[in-house]
Amino acid sequence: MATSNSRPHLLQTHKPFSVVLAISITFFLLLLNKVNSAEILSFSFPKFASNQEDLLLQGDALVSSKGELQLTTVENGVPIWNSTGRALYYAPVHIWDKSTGRVASFATSFSFVVKAPVASKSADGIAFFLAPPNNQIQGPGGGHLGLFHSSGYNSSYQIIAVDFDTHINAWDPNTRHIGIDVNSINSTKTVTWGWQNGEVANVLISYQAATETLTVSLTYPSSQTSYILSAAVDLKSILPEWVRVGFTAATGLTTQYVETHDVLSWSFTSTLETGDCGAKDDNVHLVSYAFI
């Protein structure tokens, strides 16, 4: 949840949206022409159920009585320190194909709330991630978010994550931020994030295989403010062929630095072309996600 000392140029916006009751974020998945077949995985959770059999819950994660995915422990309405939880979709995603060399495009949208009793002592954050199917909670939690053992880069992790970081650790930039993480909690790219305590955040993350571009957008409907971050990421060189996707979150490692981490809804779609193909510019599929 940090960035290197040489910080690259970022695409960043902080602008009002004209839509009051809904946000519709649309993007194009550029698919290959003359496609014979494709592997498509798609699911949607408008809310969550206590007996949600298609989710794998790790650590302190649970589904609350409100139908929300509660990633870290809350007791009597108060978040607890040193809590880590993760939730992953049960079915692995075929993210690239070794026999063809092709890589999947994907998009995921979700809404979440992070609420701290004391805003100045928020910790530590929440992340969406892709990891090997058997990946379990890693490290001490806290600023590593249950993803990594340390802040150093290690290719053996085989993890890509987008973190929403509410606490400034030693490896972080000097601000709350959204970061793109590749095999390290020390993000390859970040954008300053004006976290709004207790407010619903709507997120869209998309990956364009044709351009190897990972794009993140976060919007607060209450203030009509948005944040955008984009980076070049070669999934095939980082991830195994099959991954699981999901969320992870952690509270601080001392008693005062705590917050809640609740996912309200989640949708995901991936498309991996498996048939013969020709040019790249004719077959364009449109996917649109709307938050109401």
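The backbone N, Cα and C atoms fix where each Cβ goes, and this holds for glycine too.
What Swiss-Prot records for D163, D165, D172, H177 is Mn(2+) binding site, and it gives similarity to another entry as the kind of evidence.
H167 (Ca(2+) binding site) falls outside any helix or strand according to DSSP and counts as coil. Annotation source Swiss-Prot lists Ca(2+) binding site at D165, H167, N169, D172.
Residues or ranges marked as N-linked glycosylation site by Swiss-Prot on the basis of sequence analysis: N82 (among others). Using a 10 Å Cβ-Cβ cutoff, N82 (N-linked glycosylation site) registers 18 neighbours.
Sequence annotations record features per position, and here Swiss-Prot assigns N-linked glycosylation site to N154 (among others). Residues within less than 8 Å, Cβ to Cβ, of N154 (N-linked glycosylation site) and separated from it by at least 6 positions along the same chain comprise F148, N183, S184.
Under the heading N-linked glycosylation site, Swiss-Prot lists N186 (among others). DSSP assigns N186 (N-linked glycosylation site) to a strand segment in the three-state reduction.
The feature signal peptide is assigned by Swiss-Prot to 1-37, with sequence analysis given as support.
Most Cβ neighbours within 10 Å, among the binding-site residues H167, H177: H177 holds that distinction in the structure as shown. Cβ neighbours within 10 Å of D163 (Mn(2+) binding site), excluding its own Cβ and spanning all shown chains: 27.
A sphere of 10 angstroms centred on the C-beta of N169 (Ca(2+) binding site) encloses 18 other C-beta atoms.
In the three-state DSSP scheme, N154 (N-linked glycosylation site) falls into the coil class.
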